[in-house]
């Protein structure tokens with residue numbers, strides 16, 4: 001009994017001890033959470049809490065040991081590789097920090113002081129200077145605030161505010177200031193030179209040049225001493241003076257007085273409206289309204305002609321910089337890497353600012369496309385030598401020296417209607433046609449089948465073109481063939497015209513100048529002349545030699561129209577005269593064998609391969625290139641398989657067209673090699689814009705045919721050589737029929753060698769057209785289903 005009582009007491013004591021320790025642990029842990037900073041702890045409490053924490057950290061550490069080890073990425077975008085040392089990591093972070101700070105500083109300077117986006121070249125210059133610590137950050141802002149562009153911008157804003165607030169007051173000419181001057185800012189403005197920057201300790205990148213190669217500091221090309229002089233302005237700017245007629249705006253007498261409130265109100269509104277149109281043009285700075293004057297239209301009504309002066313930036317040859325490569329504002333690159341497909345220095349300079357002729361084309365196109373203005377005619381002042389205002393509608397221009405610069409190679413044919421210009425081959429080397437001596441006069445037939453009316457439309461803005469020195473003007477380049485449309489000259493007094501043609505002893509030897517300035521300006525106006533609407537007249541012969549319509553001036557310097565030239569910058573590509581952009585490209589597929597059926601566009605193999613490349617290329621071009629319109633597979637050539645194609649785009653695109661197409665094709669080549677089992681030779685990629693490409697290079701003609709290029713339309717076509725004739729017309733649609741030779745055959749072949757009678761051949765052509773139409777409809781339906789499935793899959 002006594003033993004059992006002792007055992008019970010022993011177990012009870014053990015139970016109480018265990019329970020007390022447990023309560024003590026809970027109390028210590030609770031007090032630690034509540035009073036972790038203020039409550040005093042005993043040594044036992046500290047040891048217990050430490051044991052508890054260590055065990056928790058050990059459990060977390062044990063779990064972390066089972067995770068996969070990977071490289072650390074900083075949220076800034078700098079990747080830290082495991083093999084880098086601590087000094088290299090710090091150097092990379094510091095360099096990236098300096099780059100981002102400089103990018104933001106320069107970007108904000110352009111946005112705040114100049115209110116525009118920077119050009120890639122100047123942006124890179126300033127970022128490089130900032131990274132090299134040539135300027136302190138705040139000195140960059142001081143330089144921008146004292147720049148001429150910023151002061152001109154302030155002057156422009158002040159003028160706009162004065163026009164709106166004080167339009168009811170009479171403002172003197174001295175208050176407004178003369179055009180090109182800055183009132184109140186004529187004195188030389190002191191520019192604060194950069195003070196001594198705080199010398200930072202030498203970083204790891206400076207101690208180790210191999211980690212971060214140093215660059216030579218390039219100070220941006222900016223005026224240190226700003227003076228508003230004509231010389232400095234002419235060196236940095238170019239002015240374009242033009243006048244536009246507003247057909248629906250009647251002229252009021254108040255517009256004659258430049259100090260009247262009505263004049264100031266109209267000028268302010270017109271200036272703001274023109275700024276909205278012109279700000280889209282590259283290099284535009286400002287525009288001013290020079291004045292208004294009345295103009296009498298051809299129908300007798302009166303309209304208003306507004307004179308404008310637009311100021312653009314002008315690129316200089318010495319402003320070229322090796323750092324003019326475009327820089328992405330979100331780029332993480334610390335060092336500039338050269339682009340293996342980069343443009344040359346000349347191309348970079350050409351991409352900065354357009355030339356004077358390109359500006360005129362851009363301005364004309366922008367005004368014509370704007371719907372807010374009813375623009376009648378556009379005339380540039382620098383193109384006018386003499387002005388004949390207020391012409392009577394029935395009065396025609398008298399140009400006594402109109403045909404002074406006609407070359408001997410220009411052939412005038414009286415036998416072709418004006419609506420169908422004939423293509424004539426002309427030798428640029430200066431040789432006379434066979435059977436004609438250099439001194440022979442022009443002796444056309446006595447009667448002409450088509451004549452011109454005396455009331456033909458001519459240019460609204462009249463011009464007088466003086467006779468120019470033949471030796472000082474490059475008319476044509478040598479050793480090239482151009483195509484000239486024949487025209488009918490409406491006169492019977494041929495003896496009077498013949499003495500007007502000067503004798504040309506030589507032609508220019510330059511093969512680079514395609515045209516002279518006068519012909520370039522003239523052809524811009526010919527774009528708006530519709531020769532097919534020319535009326536015919538049966539009136540008698542004319543008495544005056546000079547009574548020719550003004551569009552005949554294109555016979556002066558008969559060089560082909562250069563209107564297809566594209567205006568290309570780093571941020572846009574624009575086709576001149578409102579045409580669509582065209583790019584030719586070719587690529588070679590190495591692992592596809594070539595067969596003779598690919599010469600025949602009607603063969604199933606040709607159509608299948610054409611459909612395959614169309615389905616592969618069109619989605620890539622459409623999704624990656626804004627303004628894409630059409631892809632045309634021109635032909636397949638031997639050499640494994642060489643695919644020649646033509647891509648059509650809109651009139652203007654917001655990127656460099658050639659670079660963008662090449663980039664898309666490079667991506668397509670990589671994708672085709674990985675997913676489609678197509679080995680495209682990277683060295684075979686050839687991308688050429690239509691204004692620089694030779695269309696005959698991408699057009700395959702037959703053995704007895706030759707490629708002929710129309711210099712006006714920039715289109716190429718196959719034509720039979722002399723002594724041959726076409727089997728099927730048009731020749732460009734002919735195919736090599738297996739077993740039946742080439743599309744053209746010699747004329748000396750016997751009639752027994754004719755392949756088919758005329759009736760059967762015509763019937764076969766019609767059957768082929770119907771078959772091709774059905775196949776094309778089936779291919780179109782299949783291609784639409786393919787696009788729909790591809791869209792749903794995405």
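Cβ atoms here come from the backbone N, Cα and C positions, even for glycine.
Swiss-Prot marks one residue of 638, 656 with the annotation N-linked glycosylation site, and that residue is 656. The stretch that Swiss-Prot tags with motif 'Heparin- and hyaluronan-binding', taken from the ranges 602-610, 611-619, 620-628, 629-637, is 629-637. Swiss-Prot tags one of the stretches 265-301, 376-412, 413-449 as region 'Disordered', and that stretch is 413-449. If you average pLDDT over the domain 'SEA 1' (236-357) in this model, you get 69. Applying DSSP to the motif 'Heparin- and hyaluronan-binding' (629-637) sorts its residues as follows: 0 helix, 9 strand, 0 coil.
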